[in-house]
Structures are given as C-alpha cells and as structure tokens.
Amino acid sequence: MSTFVNDTVEDAIKTPELDQPFEALGLKDDEYARIKEILGRRPTDAELTVYSVMWSEHCSYKSSKVHLRYFGETTTEEMASKILAGIGENAGVVDIGDGNAVTFRVESHNHPSFVEPHQGAATGIGGIVRDIMAMGARPIAVMDQLRFGALDNPDTQRVLPGVVDGISHYGNCLGLPNIGGETVFDDSYAGNPLVNALCVGTLKVEDLKLAFASGTGNKVILFGSRTGLDGIGGVSVLGSASFEEGEERKLPAVQVGDPFAEKVLIECCLELYKAGVVVGIQDLGGGGLACATSELAAAGDGGMRVNLDNVPLRAENMSAAEILASESQERMCAVVTPENVERFLEICAKWDVTCAEIGEVTDEKDRYVVVHNGEVVIDAPPSTIDEGPVYNRPVARPENQDELQLEGEIARPVDVEDIKAAWLKLVASPALASRAFITEQYDRYVRGNTVQAKNANAGVLRIDEETNRGVAISADASGRYTKLEPNTGAQLALAEAYRNVVSTGARPVAVTNCLNFGSPENAGVMWQFKEAVHGLADGSKLLGIPVSGGNVSFYNQTGDEPILPTPVVGVLGVLDNVEQSIGNVLPSEDNDLYLLGETFDEFGGSIWQQVSGAGLNGLPPVVDLLNEQRLADLFVGSDLFAASHDLSEGGLGQTLAELAIHADKGMDVDLSQIHPSLFTSLFAESASRIVVATNRGEELEKRAAELGVPVFKLGRTNDSAVIAVKGADVEFNISVEELREAWTNTLPEAFGHAVGANAVVG
C-alpha cells in the first residue's frame, strides 16, 4: 500500500479555502470555478488532476467541438448507413460487405516527438494501434504523415532520424507493415514537427466492441503493462509541492514504449474477444487511467467505483493523482461480467499479461468514485469529467489574408536548358526527392498481405485471402494550399487522397482526418480551422463518403508563429479483388500514355513557387470534386489501365520522372495539347489529373468522353532511358539516369551524418 498522504474528499470538505495549483495544470480561473460549482466544494488533488486532464484540449476538444459538429450536420442518412462506429469512438468502423468491417484512424503525437523523437514517435504508433484494438479489430497496417523544418535546420537533423527510427522500430516489432505516408519539409514546422500516425484494422461486423461500462456489478479490469511514472509530465500533475513529496523524482514527460508487450497485448485482446468475455473496452492513451475509466463510466448506464490500491504498479509510493494520470503504455481497461472474470484472467495469464480487477459498475447513475489507501479521493459525476467545457472562440479572417492571396511573380523558364535545369531542381528538392531513405527503414510486406506499398499511389492490402477482397488507403495534406485558402486546401487534401485511392481501382467509402493547427486562442487560427472543417465536411458530402472520425491537435507553433495549417485527410477504399488493383509502375512492354484531366496555369502554393524562391502567395488550384467523381467512375471496376499515377505536387513533370525512374523506361511525350506553355504543362499543379498507361486507347477515349473526363494522349513508353519532350515550339531530351540521380541523393546526403540525431530536449 502506498504511504502517500492523500487529499481525500473529506479533506476537501473540511478545507474549502486551500490554495490549489490549477493554473499549473492548465486550467483557467473560470474552469476551476466551474469544477467547484459541479462538486459543491473544492476538488481533491486527484479530482483536480482528472478534470485538468480530461478538460485539456487534447481530451475534451473544447475549442473545436462547436466546429466539428458540422461533420454530423453534413452527414446524410445514406452516408451514415455505411458507418458502424463513427465520430466519438476510438476509431471509425466501416461495413465493407460480406460480414467484414474495416476500422481506421489517424492521430497526432507531435509535441512528444519533438522532446524525445524516438519514443515520441514509437508511442504514437503504439497509441493508434491500441485505438484500433479497442474496436475489436486486429491491426493490419500503419501509415505516417510527417512534417519537419527545413532540411538543414539543426532541429530537423536531430528529430527526423529519431522519429523515423521510432516508427520503424515499433511498427516492425509489432509485425505491422507500413504501407505509405508523406514527409514534408517547411520552415514553419521547425521546433514543432508533426508526427501523425494512421492505423487500419479488420474485424467481423459482429465482433465490434465499444467503449462503455454497463451492467451493475460488472467488473472493471486493467490489463497490460504495469503503471509507472512515465508520460505524466505533460499534464503537469506534479508541477507543485501539493502533488509531490520531495524533488528527487525525475519524471519523463514522454511515454516509453515496449512494442513486444503490445504485440502480446494484441493477441491477448483478440483471444478475449473470441472468448466473448468483454462487455466494453477502452485503451489507455492520453490521460491514462483517468481518461479510460471516466469515459467508460460516462458512456455507460450506471456509475463506477475504482480502487487504485489494486492497480499493478512499477514505482513505489505513487499518489492517486500519479496513478490516474500516468500514461504508461501498452494498457487496456475492460468491463467484464462476474461470471467471465475467471476466464478473462486465465486468458491474460496464458499470454503472461498482467491484469487486476480494479473496480466495478454500480447502480449509482453518473457517479464516479475512486478509492486510494482505503480513502475516497474522487466522488464526481463522470459526465461532467467527460464532456468538458465548450468554447466558441473568436474567429477572424487574418488581416493579411487578402495580401497573401495576391499572385506574386515567379520565374518561368522558357528556353530548353532552363526548363531542364528547373526539372532537375524540382525532383531534387526536399519537397519532391525520393523518400527511400525513410521508407526503406520500414517493413512494408510483413504478414504477406501487402499488395502495393513501395512508391504506390495508395497502400493496398488484402483482407480476405479466400476472396482477395481488400482495401486501399491514402493520407494527404498540403499546409501551403491551406494557408492560402483553408476551405480549398482541405478539399484539395481530400481530393488527392480520394484520387490516390481511385487510381488503384478502389471505390472510396470513408474519410478520417487529423487537424493540425496553431493556438485556438488566435482568432486567425480558428478561422483557418473553421474553414478547413467546412471544406472537408462539404467535400465529403459532395463525394458521398462519410467522415468516420478524426483528431484535433492545437497549439502547434513556435513562439507566436503557428505552423502551416495542416489538415491531414485519409481516405479508405474497397477493392473486390486486390489482384486486379492498378499499380503505378509501368509494365516492361511499351504502352501509350494518356493524361486525364485539364491543366491550368496554377502555381499558388506550388512546389515550383517554393523551390524557385518566390514567397508563398496566390490562390491554390481550383478544386472541382465532381471531376474527382468522374475519375472514380472511370477507374472503379475498369480493366483498361496497365498503370496509373496521380498528379499532385510537382505536376506532370514529377509524375513522368517517377514513372520513368521506377520502371527504368524512357518515353516520347508531346505536351503541345496540354497547355500553350511547356513550363505550365510540366509544373502546374492543377487538381483532378492522372497519367495512365494503356494499349487500349480507343476504348479509353470513348469511355472518358461518356463520363466527361478530359483525355489527352501524351505519347508512348520505350526502352531508350530518355524522356523526349515536345512542346508547341520546343523539343528536348532529358536522361532518366540524370533524373534518378537528382531524385535519389537529396535525403541521404542530408542525413547520412546527422549530428545529434534523436537527442532529447532538456
């Protein structure tokens, strides 16, 4: 038993005027006053801890709720019918037919990854995997979305190698393939990198599990790793003498992950589900046991009583506040009927997973009682803990937005040598260069069900070995576009992820997101956020695919300067037969090349604008989601295409270069019909475009015309190892080997000798 002296509910009643460090825990004056009003007294130390954790921006979404409701308002009945579990659950779950369901979610672990890159990123993977486990699913793959400062920034040199190592270590040890992602470099992320992790899992429809505690007398069981002192510095639980006896205890603010413990926990959970001994389940992530138990209680039909004396600990003399707020990894919390407790414990013992009965569901509706050292340290309504405050913060379009949207001058090469130099500069730029330095550290094919991953438009996975049914997943974002016009920027991210999935032949069925923004106390940031949410919600409605869930990460800034607003959008698609999915590697035999979609002189927020040294300005490309739907109608179920590659950053030039490099093929292309300007044809970033390879051109042209998809014949592939380009009045050749050398060397040269990589911020 702990020797820590508790601040009990009885003490709180006797000492109403005791000063408490609520500000150090992130609570505002009015929030502290509201807690006292709810309880009818001052909170105990443990209650103050729980409310501060659960009312944090991370757990409560207090600044974003008013805007996130728009997702629900724009979801039609038809869209909702596809979702088995949606916004508010640990992850979205989609019914894909034949009794199968897929669950997926993306979440941020930004600030921990800056402080301690390896563990921050590793536990980001661990946390999102447990979200998927908590839905009753087997995790089958991960993806990542990474943002760093400039390539030569010392912080980037320190953080990136550690982040990549953390992701690869944890994911590889779990045996989960990393099937895709995106890495972006921009000055705005210096000092505040973004580490967003996505996980996808599969389950049978009838095996779906939800996070709620119901059934009076049912037991609450904590299982997994023991609870320690790691991961609680971030919520400032021990920021004052009121919460700590002595200063010798040094607490890591970043959680420490054990992927092998999580691997065992996955198998243990799946056997528990199969045995039918789980009523409700919740993973322990941000907010730890405080979050898991109070959320279970709030979602249930009764109350809950928790005894912290039964929690397996790995540190001595832990206070109630420490036990509740600890974010030790690899832990789950389940609700189990009394008759199934013995079987539950047997299964945990089989897998050598530590477990303990720590509480029970009571018949006292909306009452959450926590006991430590035999004393009551929390007695509060769980609904008030879980719901948190709701803020409608000021929203104001930034004063400089009009000026930002004015189109500035950019260099526009005309002669052959300048165009070739521009092309090589683009493919070698940090924005577009090969990510093999990163992705080769990930195992993409473990488990044997990865169909597409390396250099693919979208990750493609087989989920049913008998039918070859599978899914395609892509996640995309553009902070540059979103900075210029947040509504359009979010829709462009949605359009690109949708198009990536479509280009494999998959039918898009659902959306997830992770919205990374600056401080919500900045009215300009809140305007960006609101506009992005509306753009994403309206776009999803137009495409007819529901937003199944998401995550919000605020306070991403260095000093007063926020990051580029970065709404990461993930799209899930379904393939009836993954063996018929369309890849993006040109076949060895020669094929005709076609460009689908129109090209306009659109360079606002483009990579050429960035690489050429022009400031970020102008308007992003126009997005017409009906054009994306037309492309979907052309691709889904079609056997016309030998290969496909969507166009996005870097435009047609980047796509042609990657196609040639990956297949070691040459090509003759005539761009005179694409746009009068060869420069625009190559480097503009207009949306709704895909390059395809086919030898059934007449059929393609006919079908595209029927659907209203603009189609332009570019030329044909060959074995020359040269891209021969023809414009309206310009012709030139560029060597594939020259492009390859430019494309492949940038990241290895930058990080081959990264000094201080993965150093911890003190």
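Positions of Cβ are set from backbone N, Cα and C atoms, glycine also.
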Cross-ref Swiss-Prot: substrate site S108, H109, N110, H111, R130, E327, S328, Q329, S553; candidate in list Q255, Q401, Q491 matching that site is Q255
Spatial neighbours of D131 (Mg(2+) 2 binding site) among the recorded positions H58, R105, H109, Q329, N551, defined as Cα within 10 A: which are they? R105
To the nearest Å, how far is the Cα of H58 (active site) from the Cα of N551 (Mg(2+) 1 binding site)? 9
Hey, what's the Cβ neighbour count for H58 (active site) at 10 Å? 23
Y61, R105, N513, G550 excluded, remaining Cβ within 8 Å of their centroid (ATP): L68, I87, V106, E107, T512, C514, L515, G549, N551, V552
Can you check which residue among the binding-site residues N110, Q329 has the largest number of Cβ atoms within 10 Å of its own? Q329
Filtered by Cβ under 8 Å and at least 6 apart in sequence, the residues in the chain of D283 (Mg(2+) 2 binding site) near it are N90, G127, R130, D131, M133, A134, A292, R331, M332, C333
If the substrate binders are S108, H109, N110, H111, R130, Q255, E327, S328, Q329, S553 per the record, what's the largest distance between their Cα atoms, in Å? 21
When each of the binding-site residues S108, N513, N551 is scored by other CB atoms within 10 A, the minimum falls on N551
Given the recorded positions E107, H109, N110, Q329, state which is nearest to N513 (ATP binding site) when distance is taken between Cα atoms. E107
Can you figure out which of E327, G550, N551 (the binding-site residues) comes closest in space to H109 (active site, proton acceptor), comparing Cα atoms? N551
